[in-house]
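Undergrad: Have a look at the structure that comes next, please.
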């Protein structure tokens with residue numbers, strides 16, 4: 001990811017304040033509501049029939065937590081995203097057959113959730129840096145597909 005030293009510092013500083021457990025569930029839940037076709041990858045999660053059901057679903061929250069912890073690994077390894085996500089890229093490509101576009105969608109949803117949580121602190125400059133990070137993570141996760 002092509003970030004300046006200042007952008008890296010800002011990304012890491014904000015990430016230190018992120019409640020990964022809470023934000024992960026919100027981000028995955030929002031993805032499943034805003035882009036309902038992504039629900040097909042989560043058949044085992046039970047009731048996803050309404051936004052309230054999705055957002056209140058314990059399995060969505062638990063998997064969102066797992067996803068965000070993994071994203072945090074990337075935030076702390078910005079210079080080696082492909083290496084950080086090599087195994088997950090292979091899993092999502094070969095076994096789960098997830099459309100890599102979904103990684104981009106989730107990244108964009110995560111930026112929205114961060115903006116909600118941090119309000120004025122999530123400046124346009126910080127958003128721009130996070131957009132670079134989520135794009136880098138999405139590209140790393142899609143690496144096996146190429």
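Each residue, glycine too, has its Cβ placed from N, Cα and C.
Taken from Swiss-Prot, the feature heme b binding site covers 63, 92. Residues annotated as domain 'Globin' in Swiss-Prot, with sequence analysis given as evidence: 2-146. Marked as N-acetylvaline by Swiss-Prot: 1. Summarising the annotation, Swiss-Prot assigns phosphoserine to 44. Taken from Swiss-Prot, the feature N6-acetyllysine applies to 59, 82, 144, supported by similarity to another entry. Feature annotation from Swiss-Prot assigns S-nitrosocysteine to 93; the stated evidence is similarity to another entry.
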Undergrad: Using the alpha carbons only, what distance in Å do you get between residue 44 (phosphoserine) and residue 63 (heme b binding site) once rounded?
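TA: Here the two Cα atoms lie 12 Å apart.
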Undergrad: Using DSSP reduced to three states, classify residue 63 (heme b binding site) as helix, strand or coil.
TA: helix
Undergrad: Does DSSP give residue 1 (N-acetylvaline) helix, strand or coil?
TA: coil
Undergrad: Across all chains shown, how many C-beta atoms besides its own are within 10 angstroms of the C-beta of residue 82 (N6-acetyllysine)?
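TA: Cβ-Cβ neighbours of residue 82 (N6-acetyllysine) within 10 Å number 14.
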Undergrad: Compare the Cα of the residue listed as 'N-acetylvaline' against each of the recorded positions 59, 63, 82 and report the nearest.
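TA: The answer is 82.
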Undergrad: Counting other Cβ atoms within 10 Å, pick out the least crowded of the recorded positions 59, 63.
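TA: With the recorded positions 59, 63, fewest surrounding Cβ atoms within 10 Å: 59.
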Undergrad: Roughly where does the domain 'Globin' (2-146) sit in mean pLDDT, to the nearest integer?
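TA: Residues in the domain 'Globin' (2-146) carry a mean pLDDT of 88 in this prediction.
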Undergrad: Please work out the number of neighbouring Cβ atoms within 10 Å of the Cβ of residue 44 (phosphoserine), leaving out its own Cβ.
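TA: Neighbour count, Cβ to Cβ under the 10 Å cut-off: 7.
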Undergrad: What number of additional C-beta atoms lies within 10 angstroms of the C-beta atom of residue 1 (N-acetylvaline)?
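TA: There are 19 such Cβ atoms around residue 1 (N-acetylvaline).
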